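My questions will all concern the structure given below.
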Amino acid sequence: MAKKKPKTKQSSTPKFKKPSLTLTNQQKLIFGSLLIIIGFILGTAFLSYFFTGKADQSILNEFSLREAEAENWVKKLGAMLSDIFVYRGFGVAAFIFSGLLIRSGLHVLLDVNHAKLRRYWFWGMYLMIWISVFFGFFGEKHSILGGTVGFETNTYLQDYIGILGVALLLFFGLIVYLATRFKITIHSFIALFKSAKKDISDELKSDSEAFVPFDNSLTDEAEAIKSANKVVKSEKPKPEKPAPSVKETIPEPTPVVEFEPIAPKPVNEVPISTFEVEAPKEEITTETAELKIETVEEELSETDNLSNKLVADFGLFDPTLELGKYQFPPLDLLKKYDNEGISINQEELEGNKNRIVETLNNYKIGIASIKATIGPTVTLYEIVPEAGVRISKIKNLEDDIALSLSALGIRIIAPIPGKGTIGIEVPNKNSTIVSMRSVIASQKFQKTDMQLPIAFGKTISNETFVVDLAKMPHMLMAGATGQGKSVGLNAVLTSLLYKKHPAEVKFVLVDPKKVELTLFNKIERHYLAKLPDEAEAIITDNTKVINTLNSLCIEMDNRYEMLKNALCRNIVEYNTKFKARKLNPNDGHAFLPYIVLVVDEFADLIMTAGKEVETPVARLAQLARAIGIHLIIATQRPSVNVITGIIKANFPARIAFRVTSKIDSRTILDGSGADQLIGRGDMLYTQGNELVRIQCAFVDTPEVERIVDFIGAQKAFPDAHLLPEYVGEEGGTNLDIDISDRDKLFKDAAEVIVTAQQGSASLLQRKLKLGYNRAGRLIDQLEAAGIVGPFEGSKARQVLVPDFIALEQLLENEKNN
Ligand SMILES: Nc1ncnc2c1ncn2[C@@H]1O[C@H](COP(=O)(O)OP(=O)(O)OP(=O)(O)O)[C@@H](O)[C@H]1O
């Protein structure tokens, strides 16, 4: 397939090329206009030949005689050239040649797109030969239209393949031309045919509607038929909602509860209650529609024609091609547990339900109905109270119900949002493990089209819970020690490793505890990002985190600049455009992988670095969503001096594992609940208002080890993904750099910077394939030469030279001084 061609690979690592045309502007003017004039003269001569050719036959041999006069509008030269090109050459198709000359002249004059010109010439010559052979096919009678080339080629071909053979060959030639030049496919023919058919039937329909007789009775009849049809349509049976697993109605006045057996829900089945987490469908549709409109508009432009051509020739740009043979980790690296799947303890269910009803009855609260939904660790009893019962009354009985059920971790949700019921969550005596394997294997995760899907675990209705980190867009995770945070982080990373190619996502891992994330060192060159001068990708030293965070801010600014130049609003649009080859890598564009920053112990960082950490984190959290940088921050200590107001405001997605106090719960979730969890991966998730209780998927260290070993053993990128360098406050430049001491690549570097109009060392690293130190030195030298401005913190340096000509002049002046 085209996208697997090694050719594409070349384009995936574009090198900066010097402009190949070395003509000066004056030379371009002279040469360009010469070509146009020649083309024009030829065109005139050819046209004249069809009127004056016969008369000029005689003077063709008397070219050198001055007195011999030609009737051609371009006189003797015209007569001779048209004899060569039209009569002895290609007939009417010779006009194409003069057209090509004029077009070439314009290209040289205006200095535009030479690659395109080569294509024009190729297809122009092709068409010339085809037209000439086509007219030649009709014999000597029309020899002037096909020229000698057409006639002779025809007779030659007919001797070998006969008339039918030549006709078929011509037809094939035409198909090749139409298919390649106009991208015509068999489908476009079918579509054309279909639309024509539809137009005709529409027309017939509108005609018949236009001829509705002015007979009232008839019209009424038609109306009646129409409305009858409508009724029939609207009476179509609606799809039935799945029945709840346990449902019972308590008849008045004394409620009697009949508990039916509760069937376990198979994994992946449509749940009883669904928590919509994925983005609404319309959002995606609008985005796609906007993209489509954009594409249609841009297709008109020149650049788009070129990119379409490139896509036709090489296929869409494939960022995964550099590691084309990369294999995703197989499912069997993850452990299968024996006690997976829900086992129902009928006695327990019955007992719990009776106790709930009794407790409520003791307080004179009548129940209209009760049903249970069994989850992996808790069972949700949904109660519909009798009319007139105050909800707050039930809410206040939380402790009493907990006492009567003699269970920890009872949570009352009154009312369940979006439902007219009250929920009582009661932990199961024997909880089941939700394995990472089961959630990764689920259809919901496998078939998802989310950008950064995370399979967290299972909801209370045993439904696999998958969310898109790209939509969150940042996540705060808190919980007391030993309640499942590290497992949660591993579940996030594992989900992404199972779904995203190394070229599509990069992790920046911060692990002050030095133990939790070190395993991921093995996939440094596949999935990790780091600062250019760092030996280790995983950051364990708090002081280094500050540099990394600031570097991410620079990366963010660079990406915004790239998006701005590409007229894109977010990373998805940008990458779509880049894949469609609408963005030129020579202009500083590149495929942007998502970057996920994971901080395992944020409290530790804030305690040691305070504002220095808070400011870049808040900045990233505020701005980085559109450009594909996402933050996941975990902490054991959810106190207000760790999770500050500014951090909280920018992390809408929050996860709480069990915490010890209501205050901690409130700090994370803005409400209680996390203090009533039972631990071991029992968690609450919120992305706004609604709280979802989830049993986090369990992934053990040996499983993660097997995954990273599997990935680590495969071919990797030469280095970890390099983030832009960040020179701390102590960093400065020595502006007295001697011209003779300059790097050999100084001029190339200057050209790269001026072309991209972006003064960043990382750009030089990418384009010229340099290490960090050399690129940094080059930037210093460029600053000394006055090509880029001074260091500006997190922003890219300003480029002080507007274009190539100014650069040439600047360097020339330097030499002369
Ligand atoms: N989703 C889960 N399912 C089952 N058991 C779990 C789950 N998550 C955690 N556990 C159990 O809890 C233990 C502690 O989990 P984990 O190491 O993730 O806690 P932690 O919150 O990261 O603790 P610390 O903050 O001290 O690192 C695990 O070893 C495991 O036995």
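Quick reminder: no glycine exception, Cβ is built from N, Cα and C everywhere.
Unlike curated records, TrEMBL annotations are generated automatically.
On a predicted model such as this, the values are computed, not experimentally measured, just so you know.
TrEMBL feature annotations, pasted as is:
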type: TRANSMEM; residues: 29-51; note: transmembrane segment
type: TRANSMEM; residues: 85-108; note: transmembrane segment
type: TRANSMEM; residues: 120-139; note: transmembrane segment
type: TRANSMEM; residues: 159-179; note: transmembrane segment
type: REGION; residues: 229-251; note: region 'Disordered'
type: COMPBIAS; residues: 232-241; note: compositional bias 'Basic and acidic residues'
type: BINDING; residues: Gly479, Ala480, Thr481, Gly482, Gln483, Gly484, Lys485, Ser486; note: ATP binding site
With the ATP site defined by Gly479, Ala480, Thr481, Gly482, Gln483, Gly484, Lys485, Ser486, which remaining residues of that chain have Cβ atoms positioned within 8 Å of the Cβ centroid?
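Everything else in range on the chain: Gln636, Phe657, Arg658, Gly679.
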Looking at Cβ-Cβ distances, which residues of the chain lie under 8 angstroms from Gly479 (ATP binding site) while being 6 or more apart from it?
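Counting only residues 6 or more apart in sequence, the Cβ neighbours of Gly479 (ATP binding site) under 8 Å are Lys485, Gly488, Gln636, Pro638, Ile655, Ala656, Phe657, Arg658, Val659, Ala674, Met683.
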Applying a 10 Å Cβ distance cut-off over all chains shown, what neighbour count does Gly482 (ATP binding site) have?
12
Which residues does Gly484 (ATP binding site) neighbour through Cβ under 8 Å, counting only same-chain ones at least six apart?
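Set apart from Gly484 (ATP binding site) by at least 6 residues yet with Cβ under 8 Å, we have Phe657, Arg658, Gly679, Arg680, Gly681, Asp682, Met683, Cys696.
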Taking 10 A as the limit, how many CB atoms besides its own sit near the CB of Ser486 (ATP binding site)?
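Here the count is 21.
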Once the chains shown are all counted, how many other Cβ atoms turn up within 10 Å of the Cβ of Thr481 (ATP binding site)?
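There are 10 such Cβ atoms around Thr481 (ATP binding site).
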Can you check which residues sit near Ala480 (ATP binding site), meaning Cβ under 8 Å from its Cβ, same chain, 6 or more apart in sequence, and list them in order?
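Listed in sequence order, they are Gln636, Phe657, Arg658, Val659, Thr660, Asp664.
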